[in-house]
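S.K.: What Swiss-Prot records for this protein is below:
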{"type": "REGION", "residues": "1-236", "note": "region 'Small GTPase-like'"}
{"type": "BINDING", "residues": "Gly16, Val17, Gly18, Lys19, Ser20, Ser21, Lys148, Leu149, Asp150, Asp179, Cys180", "note": "GTP binding site"}
Amino acid sequence: MASLDRVKVLVLGDSGVGKSSLVHLLCQNQVLGNPSWTVGCSVDVRVHDYKEGTPEEKTYYIELWDVGGSVGSASSVKSTRAVFYNSVNGIIFVHDLTNKKSSQNLRRWSLEALNRDLVPTGVLVTNGDYDQEQFADNQIPLLVIGTKLDQIHETKRHEVLTRTAFLAEDFNPEEINLDCTNPRYLAAGSSNAVKLSRFFDKVIEKRYFLREGNQIPGFPDRKRFGAGTLKSLHYD
């Protein structure tokens with residue numbers, strides 16, 4: 001198989017929100033039958049056609065790094081986790097629509113991943129502790145995905161989605177809400193699939209066509225993975 005250029009996308013969020021199920025769905029187009037807790041980091045690869053259907057179309061590997069752990073972990077754990085944040089080209093923040101705390105904690109995940117973790121360990125960030133303008137100069141493409149949409153009754157969905165609207169205001173990304181146990185939410189041609197493709201296109205553009213400001217500051221560039229198979233890699 002010919003070597004393909006690749007980009008690295010972090011998948012961050014609290015344990016139990018469905019990150020592993022999401023990554024499996026994105027990379028294998030299948031529902032994950034028996035999801036388990038991620039220890040350390042699990043990496044899977046998605047094949048993406050950049051600018052599909054245009055003269056500029058080109059195939060890339062999207063490395064999705066599912067980072068385990070809790071945002072309230074001890075400093076030593078967070079320090080170890082930081083190694084996974086090297087040379088990142090994009091971030092997908094994942095939260096559970098049925099768990100308000102998991103949505104609020106994305107603010108702390110963003111601070112940690114963007115190397116601006118100024119909040120004491122174990123303290124949940126509230127609006128009073130958090131400065132939205134910290135992200136005004138962020139150049140890393142971001143996407144927010146809410147999971148377990150199927151567990152919210154139709155009559156409650158508007159209320160829940162309004163409650164999590166601050167995520168889009170804080171990070172200024174597009175937002176996708178879905179059920180990881182139902183592939184139809186990412187069916188070709190759907191609005192979610194279009195948003196996802198647009199996000200990956202932006203990540204690729206930042207990495208290969210806009211060379212400035214396309215990686216998390218404070219982390220040196222590391223060697224890229226060599227060409228290989230689509231086999232999942234696990235870091236424990």
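Quick reminder: no glycine exception, Cβ is built from N, Cα and C everywhere.
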S.K.: Tell me which residues of the chain lie with their Cβ under 8 angstroms from that of Ser20 (GTP binding site), as long as they are six or more apart in sequence?
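M.R.: Non-local contacts for Ser20 (GTP binding site): Leu32, Pro35, Ser36, Thr38, Ser42, Asp66.
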S.K.: Please state how far apart, in Å and to a whole number, the two most distant Cα atoms are among Gly16, Val17, Gly18, Lys19, Ser20, Ser21, Lys148, Leu149, Asp150, Asp179, Cys180, the recorded GTP-binding residues.
M.R.: 17
S.K.: If you count Cβ atoms within 10 Å of each one, which of the binding-site residues Gly16, Gly18 comes out on top?
M.R.: Gly18
S.K.: Return the residues near Asp150 (GTP binding site), defined as same-chain residues 6+ apart in sequence whose C-beta is under 8 angstroms from its C-beta, sorted by sequence, else 'none'.
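M.R.: Asp179, Thr181, Asn182 - these are the non-local Cβ neighbours of Asp150 (GTP binding site), listed in sequence order.
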S.K.: Please name the residue among the binding-site residues Lys148, Cys180 whose C-beta has the most neighbouring C-beta atoms within 10 angstroms.
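M.R.: Most Cβ neighbours within 10 Å: Cys180.
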S.K.: Does DSSP put Cys180 (GTP binding site) in a helix, in a strand, or in coil?
M.R.: coil
